[in-house]
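*Asks:* First, the structure itself, so that you have it in front of you.
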Amino acid sequence: MLELDFEQQLGDLYLQVNTQLPTEGITAVFGLSGAGKTSLINVIAGLIRPRKGRIVLNDHVLVDIEKGICLSPEQRRIGYVFQDARLFPHYRVKGNLQYGMSPEMKPEFDSIVSLLGIEHLLSRFPLTLSGGEKQRVAIGRALLTAPDLLLMDEPLASLDLPRKRELLPYLEKLSGEVNIPILYVSHNLDEILRLAENVLVVDNGKVRATGKLEEVWSSSALRLWLQKETLSSILNVSMVEHHNRYEMTAVALADQALWLPKMDVQPGTDLRIRIDASDVSLVLEPPRGSSIRNILAVKVVEFFDDNGHVDVKLVLSGHYLWARITPWARDELNLRSGQWLYAQIKSVSFHRQL
C-alpha cells in the first residue's frame with residue numbers, strides 16, 4: 001500500500017493529498033493540465049519536499065516531516081520515467097541501461113531487454129533512436145534499478161502518433177509481466193483506458209476520486225472533469241462465444257449478453273470495453289425488428305441536465321452505464337430515479353484484454 005498524506009504550496013497551486021493507493025498494477029494519475037499530477041509524483045519521488053505530512057510505501061516510511069524524516073530520491077527505491085527520456089548521450093544504449101543497475105537485477109538484464117524489444121538497439125547511441133525507442137530504453141533503465149515503485153510522467157506526451165502506437169503495446173506487456181506497481185500520469189483518456197486498473201483523479205491540487213477504473217469512471221464526480229464529448233462508460237466483461245454465422249462475439253455483462261464485432265480471443269477471456277454515452281438510447285419497451293443488437297434492461301440511478309442535453313446514469317447488476325439524451329426524450333419517457341427501462345447500445349469500443 002502507498003499511503004499519501006501531505007501538503008505543499010507550489011506557486012499558485014496548493015497541493016493537498018490524502019489517499020491510499022494499491023501497490024500492484026498500473027494506477028493512472030488523471031487530471032487536466034496544471035491540476036498537480038506531476039507535482040504529486042515529484043513529491044513521492046523526493047524531488048519536492050512537502051511542507052508537512054507522511055508518505056509510506058509498503059510500511060517503509062519515506063517521509064514523516066513531524067519526525068524529521070525525508071529520504072533522498074536515491075534512498076527511496078523509486079524509478080522515474082520522464083516525458084523526455086533523459087538518456088546519457090555519450091553512452092550507448094547498453095551503457096544507459098547499466099547505469100544505476102542494481103546488482104540483483106543483473107540476471108534479469110536480458111529478460112528486461114527482451115520484454116521491451118530493444119535487443120537490436122544495445123550498441124547504438126541515443127542520438128540515433130526514435131522517440132519511442134528512447135522511451136523504451138528509459139523504461140528499461142528505470143526497471144533495472146530494482147524499484148519498489150515506478151513513476152511515469154506522461155511518457156507518450158512528446159511522441160507523435162506512430163511512435164505512441166509503437167510504445168503502447170510495450171506498456172501493456174509491462175503491466176502484465178512486471179510485478180512492480182506503476183503510477184502513470186496522463187491526461188489522455190485512451191491511454192488510461194488501455195493501460196490502467198486503478199485511477200486517481202486530481203484537480204487543482206486535490207484528490208477528487210480514487211479507486212478501480214470502472215468504478216471511478218462511472219462516478220458522478222468524474223463526469224464534471226471530463227470534456228462533454230468524452231462522457232462514456234467502462235465495463236469489465238468476459239468473452240462467452242463467437243457467433244456461428246456472423247462476425248460477432250458475445251460477452252457477458254452480469255447476467256446479460258452484449259454483442260461486439262468479432263475479436264480474436266478465447267471464451268473466458270476478460271476484456272475491457274468502452275461505450276460512449278452518445279451511443280446509448282433509451283426506450284420504455286424492447287422494440288421488435290430493430291437493427292440494434294444490444295438491448296439491455298437497466299434501472300435509472302440519477303440524471304443531470306447540462307447545456308441542452310441530459311446525462312442519465314443507469315445500473316445493470318452492479319455495472320454502471322451512461323446515456324446521453326435530449327430534454328425532449330427525458331420528458332417523453334417521464335424519466336425518474338428507480339425507473340426500469342431498456343438501453344439500446346449502437347456501438348461498442350474494445351479497449352483492452354485484461
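Here the Cβ of each residue, glycine as well, is placed from N, Cα and C on the backbone.
Okay, these came from Swiss-Prot:
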- 1-229: domain 'ABC transporter' (DOMAIN)
- Gly31, Leu32, Ser33, Gly34, Ala35, Gly36, Lys37, Thr38: ATP binding site (BINDING)
- 289-354: domain 'Mop' (DOMAIN)
*Asks:* I need the neighbours of the ATP site defined by Gly31, Leu32, Ser33, Gly34, Ala35, Gly36, Lys37, Thr38. Which other residues of that chain put their C-beta within 8 angstroms of the C-beta centroid, in sequence order?
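*Replies:* Nearby residues not in the site list: His187, Val202, Asp203.
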*Asks:* Which chain-mates of Gly36 (ATP binding site) that are at least 6 residues away have a CB under 8 A from its CB, listed by sequence?
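*Replies:* Within the chain, Gly36 (ATP binding site) has Cβ neighbours under 8 Å at Leu10, Leu13, Leu15, Val202, Asp203, Asn204, Gly205, Lys206.
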*Asks:* Per 10 Å Cβ neighbour count, which of the binding-site residues Leu32, Ala35 ranks highest?
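*Replies:* That would be Ala35, with the most Cβ atoms nearby.
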*Asks:* Measure the Cβ-based neighbour count of Ser33 (ATP binding site), defined as the other Cβ atoms within 10 Å of its Cβ.
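*Replies:* The Cβ of Ser33 (ATP binding site) has 7 Cβ neighbours within 10 Å.
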*Asks:* For the binding-site residues listed here, Gly31, Gly34, which shows the highest count of neighbouring CB atoms within 10 A?
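*Replies:* Neighbour-count leader: Gly31.
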*Asks:* From the DSSP assignment alone, can you count helix, strand and coil residues within the domain 'Mop' (289-354)?
*Replies:* 7 helix, 39 strand, 20 coil
*Asks:* Which residues does Lys37 (ATP binding site) neighbour through Cβ under 8 Å, counting only same-chain ones at least six apart?
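*Replies:* Expected: Val29, Phe30, Gly31, Asp153, Val185, His187, Val202.
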